[in-house]
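This report concerns only the one structure given below.
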Amino acid sequence: MDLSEFTITVLYIVGISAEGMTGALAAGRHKMDLFGVIFIALVTAIGGGSIRDVVLGHYPLTWVKHPEYVLLICFCALVATRIPKVVTRLEHLFLTLDAIGLVVFSILGAQVAMKLDYGFIIAVSAAVITGVFGGILRDILCMRIPLVFQKEIYAGVAIIAGAIYYISAIWLEIHILICTLVTLFIGVLMRLLAIKFQWSLPIFSYNEKG
Amino acid sequence: MDLSEFTITVLYIVGISAEGMTGALAAGRHKMDLFGVIFIALVTAIGGGSIRDVVLGHYPLTWVKHPEYVLLICFCALVATRIPKVVTRLEHLFLTLDAIGLVVFSILGAQVAMKLDYGFIIAVSAAVITGVFGGILRDILCMRIPLVFQKEIYAGVAIIAGAIYYISAIWLEIHILICTLVTLFIGVLMRLLAIKFQWSLPIFSYNEKG
Amino acid sequence: MDLSEFTITVLYIVGISAEGMTGALAAGRHKMDLFGVIFIALVTAIGGGSIRDVVLGHYPLTWVKHPEYVLLICFCALVATRIPKVVTRLEHLFLTLDAIGLVVFSILGAQVAMKLDYGFIIAVSAAVITGVFGGILRDILCMRIPLVFQKEIYAGVAIIAGAIYYISAIWLEIHILICTLVTLFIGVLMRLLAIKFQWSLPIFSYNEKG
């Protein structure tokens with residue numbers, strides 16, 4: 001495992017832990033039992049990567065190869081149920097960890113597509129699927145319109161992160177560690193600025209009667 | 001590419017374009033941002049085929065092999081957000097294009113199952129999955145009970161199209177171009193008549209208290 | 001086919017029939033047409049196993065290999081729509097059949113994971129996915145928060161059944177027929193006791209304003 005792989009793995013573990021904790025809180029808002037909480041934490045944290053792997057036929061799935069990640073997320077979900085107020089009070093920390101997770105997921109998605117020799121569009125698609133599908137599945141299970149369709153450019157960050165990573169690694173042939181760090185820096189910065197300044201995409205609201 | 005393949009490909013492109021545009025309008029009714037609109041357009045247009053391929057283990061998925069379809073659907077979704085009233089006014093045109101798309105999707109589903117040497121039931125199942133799952137996913141993402149479960153025989157057209165295609169191609173060994181045209185003609189006609197005369201399946205309404 | 005395989009197959013058929021009938025009634029509560037009823041019956045009965053197979057890359061899926069199961073479930077769904085009151089009056093019978101189905105699905109899930117040489121955590125995960133995902137998909141399609149996240153330890157039974165089966169078969173190397181019978185006995189008993197005494201997991205209810 002080289003340095004860029006090590007960095008990505010550490011940040012991936014941070015990312016799934018944070019996603020698991022925030023997923024657990026989302027479940028708590030819908031009065032679910034402990035199984036529901038853990039299930040939604042797992043879906044939030046590893047659902048996006050699972051869908052990417054199934055769509056690209058990339059087996060075994062990450063968590064099937066590394067079942068220890070399943071245990072880690074269960075543990076984080078249980079911790080979150082014990083200290084929900086701490087998690088909420090640390091909102092800024094969790095938003096930052098979530099931003100890191102989003103960009104790391106996007107990089108991993110692009111890497112899988114590149115490993116399978118797919119081109120730019122599929123690499124960016126894989127980045128988006130990995131980055132946002134966990135949150136979409138979480139929201140479907142909690143019966144609400146997925147937040148990523150309505151809030152500050154979340155998916156946009158995944159698209160840009162996937163594009164930067166692909167372009168720098170494949171077209172510019174830059175060293176993979178530098179691609180990773182540059183993508184992380186730009187992606188996380190963009191996401192944090194989007195939250196701070198409430199950047200959002202135009203909303204398309206349409207009602208045929210109106 | 002022979003004539004029947006060419007016909008199907010052209011109609012498939014027409015079908016995903018129309019599905020992408022109507023998917024985008026469905027998203028607009030729920031006040032989604034541009035990413036949400038594009039995501040739902042994509043899911044509506046290529047979700048059914050993706051689920052069929054995943055279920056049958058038929059890799060790579062159509063859009064992964066042809067990423068240009070992804071771009072086409074994104075483009076159609078964006079166009080629909082600029083001219084929603086035109087799309088609504090052309091309702092009859094879009095219903096016809098949607099009917100063509102439904103039958104073409106069903107034929108393609110049956111073809112994939114036949115290519116993998118599956119029999120009648122799986123061919124019809126693959127036709128239905130390809131034809132209706134895009135709309136089911138769209139409705140789940142928009143938080144409403146899938147329309148295909150409640151409206152004029154939509155899935156019924158997919159079942160009959162899949163059955164006609166399989167029977168004529170495999171059992172009657174008719175030339176594939178004729179199978180395609182006959183299936184298209186009967187399927188589209190049936191769907192348009194179903195809309196015109198509001199044919200529907202019996203509704204099963206059950207309430208244990210009643 | 002040896003005795004343990006025969007037992008599991010017979011109980012699997014009983015299980016999918018019962019799940020198909022109760023799935024059909026759930027659809028009836030939401031005023032769906034016959035296609036919707038059949039679709040939801042199918043998803044309830046074979047959705048969990050399908051997701052397990054897709055996640056583990058275990059092809060072909062059970063129902064693709066045995067299309068006769070698809071026909072059986074369609075038939076059971078149609079029967080249920082003719083005699084909904086009988087099904088409701090036989091609630092205790094159906095709860096018992098559902099309990100048997102849950103444990104059989106869990107055993108089959110663990111078996112698939114074991115056949116693919118996965119360890120304890122993935123075997124238990126496969127048991128849970130097989131046991132509960134059909135109900136989760138049914139509830140998503142009917143637009144309600146999945147019951148398995150909120151009611152008497154349903155998923156807990158799948159976890160324990162998967163664990164007992166794996167431990168007895170792999171670690172204790174007990175004859176597979178005995179593993180099957182012991183798992184069935186403990187699992188079904190646990191589920192029926194959970195219903196009778198309304199055992200449930202702690203609910204995690206969280207509201208950041210409260």
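Glycine is no exception: its Cβ is also placed from the backbone N, Cα and C atoms.
On a predicted model such as this, the values are computed, not experimentally measured, just so you know.
Copied from TrEMBL, the annotated features are:
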- A:10-80: domain 'Glycine transporter' (DOMAIN)
- A:96-167: domain 'Glycine transporter' (DOMAIN)
- A:6-27: transmembrane segment (TRANSMEM)
- A:34-51: transmembrane segment (TRANSMEM)
- A:63-81: transmembrane segment (TRANSMEM)
- A:93-114: transmembrane segment (TRANSMEM)
- A:120-141: transmembrane segment (TRANSMEM)
- A:153-168: transmembrane segment (TRANSMEM)
- A:174-194: transmembrane segment (TRANSMEM)
When DSSP states are grouped into helix, strand and coil, how many residues of the domain 'Glycine transporter' (A:96-167) land in each?
-> 59 helix, 0 strand, 13 coil
Residue list, the transmembrane segment (A:93-114) vs rest of chain: Cβ under 8 Å, 6 or more residues beyond ends.
-> 8, 11-12, 14-19, 21-22, 48-49, 52-53, 56, 58, 87, 122-132, 134, 154, 157-158, 161-162, 165-166, 169-170, 180, 183-184, 187-188, 191-192, 195
Model confidence over the domain 'Glycine transporter' (A:96-167), as mean pLDDT, sits at 91
